[in-house]
Amino acid sequence: MISFSLVVGFAGAIFSVLAFPSPSPQLSRRVLHESRHDVPTGWTLHKRADPDATLPLSIALVQSNLHNLDDYLLDVADPESPNYGKLWTPEMVAETFRPSKESVDVVHSWLSTDGVHPNRIQLSDNGAFVRVNVSVTEAERLLGTEYYVYEHSDGTIRYGCQHGYHLPEHVSRHVDFVTPTLHFGTFTASYIQPGRSALSKRSSHASTGAKHRASLKETFKAIGTKASSGVGCDQEVTLDCIRQLYSFDYNIVAGSKNTVGVMELGQENYNGNDLDVFFKSYAPDQVGDRPKLVSVDGGSENSGQTNEDLTGESNLDFMLLMGLLGKKQPVSLYQIGSDGFFDELFAGFDRQYCQDIGETSDSSCGNVAKSNVISISYGSGESGPSYYLQRTCNEMGKLALAGITFVYASGDDGVSAFTDQCLSANGTVVSSGDGGNRFFPDFPGTCPYLTAVGATEIKPGASTSDPERAPAGYGSGGGFSNVFPRPSWQARAVNAYLSKYAPSYGMDVYNRSGRGYPDVAANGANIVIVADGQPGTTGGTSASAPIFAAMITAVNDARIAAGKSPVGWINPALYSSTFANIFNDITDGNNPGCGTQGFAASPGWDPVTGLGTVNFPRMLSRFMALP
Ligand SMILES: *[C@@H]1O[C@H](CO)[C@@H](O)[C@H](O)[C@H]1NC(C)=O
Ligand SMILES: *[C@@H]1O[C@H](CO)[C@@H](O)[C@H](O)[C@H]1NC(C)=O
Ligand SMILES: *[C@@H]1O[C@H](CO)[C@@H](O)[C@H](O)[C@H]1NC(C)=O
């Protein structure tokens with residue numbers, strides 16, 4: 001083992017030639033590190049790469065202790081744990097998962113042995129990855145691969161390799177992934193144009209193939225000029241209807257010490273006038289209140305936006321969250337720049353992750369203030385390189401360790417991730433008519449470190465004291481992950497469903513060993529909002545997420561007022577026996593998709609409405625009983 005001195009954590013450290021003795025030959029054989037079978041959707045192979053083109057090679061090192069993430073999380077989030085609520089500081093998180101010095105040494109030693117002069121090699125902040133600019137010829141030699149130029153239908157050009165790339169066996173263990181190689185669009189710059197710095201992330205983001213979805217399925221139905229036509233909660237769900245449904249009538253006492261935010265993407269903006277028209281009817285003392293803008297990756301506010309397609313999601317989120325929590329709870333708006341996606345938010349929270357996804361220059365990189373609860377109503381399908389899905393999910397886990405509760409809308413297309421987009425036998429995304437017989441789970445909905453919220457509705461003619469059902473107008477997103485195995489904390493609930501109520505589809509239609517989602521449910525149909533000055537109703541799990549986020553924020557308020565920590569990752573608690581009777585079980589309805597009736601809401605947990613809707617006072621008392 002060659003040793004050399006190196007200051008880890010020093011920004012852009014250049015390895016000193018002197019500190020590095022001449023290397024001995026490495027004899028380790030090469031192994032396939034990552035592979036891919038087809039060119040990602042939307043891309044075509046254009047030509048062989050120019051051997052002299054420069055590639056900004058970035059070698060992401062494996063994080064230390066990642067295999068312990070679940071144990072660390074359960075230690076602070078399992079209600080049985082003596083350390084419940086003892087959240088980690090961001091510094092503890094960064095320190096614990098920082099790649100080891102051994103990983104840095106091994107990669108450095110490999111590169112220099114293979115002919116890369118040490119003064120060309122840089123180590124990023126926190127020692128998370130090693131960077132070196134290489135020619136295509138050098139990259140092909142180092143990685144045992146061939147480079148090509150790919151072109152996207154939108155004109156974007158990327159350099160990448162075709163089938164896979166290789167690393168020496170002893171190096172492979174220390175490397176998460178190398179870019180640019182196979183991951184189009186997920187990570188940044190694929191080549192350096194002469195005289196220019198590396199391509200920014202913007203041009204690459206359109207190319208993930210993953211669609212951005214705001215879960216707002218029910219089209220807006222105007223309800224006349226008055227804000228409420230006075231009909232029942234089965235037809236128009238107002239803030240009062242929601243309060244009645246879940247006995248959620250809470251008076252905020254620690255608002256200045258507590259935080260909650262909603263993520264919105266790109267052009268999707270709330271309209272300030274719409275908020276005021278809504279507040280005037282349902283929360284008169286909040287007229288004039290606005291969320292506090294937190295710009296992420298250049299996201300900007302346009303509170304004069306009037307296009308209903310662009311105001312619908314954001315209007316709904318803030319009318320519900322602000323309206324339910326009242327004037328005393330400040331609410332943040334995490335507005336992501338126009339080409340970004342939810343991973344930009346984590347990049348804003350965590351500088352190391354930001355660099356891993358190639359966002360090194362953005363001022364929001366690692367500087368975005370966190371909130372105790374974050375509501376997200378945008379998603380995508382669980383597809384693409386599983387390393388990316390895992391990396392993004394682990395990032396949520398690390399943030400959860402420091403106390404963030406991610407509340408996520410489970411999707412509005414039942415067992416498909418978008419309208420009739422399903423998976424074929426070989427895992428490609430196709431419509432059900434074209435051989436898409438496998439259900440297509442939602443991402444990040446399948447990540448175990450967030451709380452996925454499905455939707456319910458009040459049955460026609462019923463009142464808020466009657467049991468709700470799964471929405472009849474659209475399929476509340478749910479199912480089983482193909483990437484994340486079923487966590488121990490939900491095994492009892494999910495196994496009970498699978499053994500008693502699972503439909504008789506073939507074993508290949510959905511993955512019985514995967515993480516089941518959603519976790520909980522909340523109303524998501526006939527919700528009264530205001531769009532372009534006009535009151536009306538809308539629906540989707542987009543409503544369910546902010547409703548549940550409001551309730552968890554109220555729990556945090558009470559805990560903070562009592563000198564306790566925010567709840568952070570709540571899933572192990574929700575599924576524990578102590579919390580069993582906080583739920584209103586939903587046993588009616590289903591979530592069709594992919595040419596099937598999907599799953600049926602059933603007694604206990606089910607992949608339509610999770611554990612059910614919550615009775616707020618009971619949930620509050622359980623969380624207050626915890627340390
Ligand atoms: C690679 O080249 C770019 C553009 O010239 C430069 O900004 C960057 O610092 C270089 N990276 C390394 C590791 O030398
Ligand atoms: C995967 O399956 C789909 C649908 O059956 C088919 O169109 C496609 O060609 C297949 N792709 C591969 C790489 O086998
Ligand atoms: C099913 O899920 C497990 C994770 O629980 C995964 O390892 C496996 O590859 C999945 N199977 C398919 C066919 O996707």
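Just so you know, glycine gets a Cβ as well, placed from its N, Cα and C.
What you see is a predicted model, and the numbers here were worked out from it, not measured in a lab.
Listed in TrEMBL:
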type	residues	note
SIGNAL	1-19	signal peptide
DOMAIN	236-626	domain 'Peptidase S53'
ACT_SITE	Glu313	active site, charge relay system
ACT_SITE	Asp317	active site, charge relay system
ACT_SITE	Ser542	active site, charge relay system
BINDING	Asp585, Ile586, Gly604, Asp606	Ca(2+) binding site
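Positions of TrEMBL features highlighted on the structure.
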{"residue": "Glu313", "record": "active site, charge relay system", "DSSP (3 states)": "helix"}
{"residue": "Ser542", "record": "active site, charge relay system", "DSSP (3 states)": "helix"}
{"residue": "Asp585", "record": "Ca(2+) binding site", "DSSP (3 states)": "coil"}
{"residue": "Gly604", "record": "Ca(2+) binding site", "DSSP (3 states)": "coil"}
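Considering only the recorded positions Asp317, Asp585, Asp606, the Cβ with the fewest other Cβ atoms within 10 Å is that of Asp585. Taking the centre of the Cβ atoms of Asp585, Ile586, Gly604, Asp606 as the Ca(2+) site, the nearby residues of that chain (Cβ within 8 Å, site residues left out) are Phe583, Thr587, Ala601, Ser602, Pro603, Trp605, Thr609, Gly610, Leu611, Gly612. Working note on the recorded positions Glu313, Ser542, Ile586, Gly604: by count of other C-beta atoms within 10 Å of each C-beta, Ser542 ranks first. In terms of C-alpha distance, the listed active-site residues Glu313, Asp317, Ser542 place Ser542 closest to Asp606 (Ca(2+) binding site).
Closest to Ile586 (Ca(2+) binding site) by Cα-Cα distance, out of the active-site residues Glu313, Asp317, Ser542, is Ser542. Distances between the Cα of Asp317 (active site, charge relay system) and those of the recorded positions Ser542, Asp585, Gly604 are shortest for Ser542. Ranked by CA distance from Ser542 (active site, charge relay system), the recorded positions Glu313, Asp585, Gly604 have Glu313 at the top as the closest.
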